[in-house]
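**Student:** According to TrEMBL, the protein has these features:
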type	residues	note
COMPBIAS	14-23	compositional bias 'Basic and acidic residues'
COMPBIAS	69-82	compositional bias 'Gly residues'
REGION	1-23	region 'Disordered'
REGION	58-82	region 'Disordered'
Amino acid sequence: QNLPKIPKSPPKKSPQELKDVRDGQRILEKKGSAALKDLRRQLQLERRRGERLQERLQELLVPSRARSGQGGPRNWGGGRPQ
């Protein structure tokens, strides 16, 4: 009457189910790898952007006469320097 319960083992998976699981894992790994690659690329672009902004800020903060020996700041139009 009071028999101990025997834990059930998980059902056996067929070879096709195992293959599907492996394929699913591979797909997830590829997606993760692609996402990581994209994030690294974005980080590199943002670093370059930050460096350009830092250089631009430095150009605006340092008087241009001290930099080039010429008068007045250049590129007041707000675009990128030529």
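Each residue's number is its place along the chain shown, starting with 1.
Any Cβ shown, glycine's included, is placed from N, Cα and C.
Quantities reported herein were computed from a predicted structural model and do not represent experimental measurements.
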**Student:** Per DSSP, what is the residue count of the region 'Disordered' (1-23) in each of helix, strand and coil?
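**Tutor:** Final tally across the stretch: 9 helix, 0 strand, 14 coil.
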**Student:** Where else in the chain does the compositional bias 'Basic and acidic residues' (14-23) make close Cβ contacts, counting only residues six or more beyond its ends and a cut-off under 8 Å?
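**Tutor:** Hits for the compositional bias 'Basic and acidic residues' (14-23): none.
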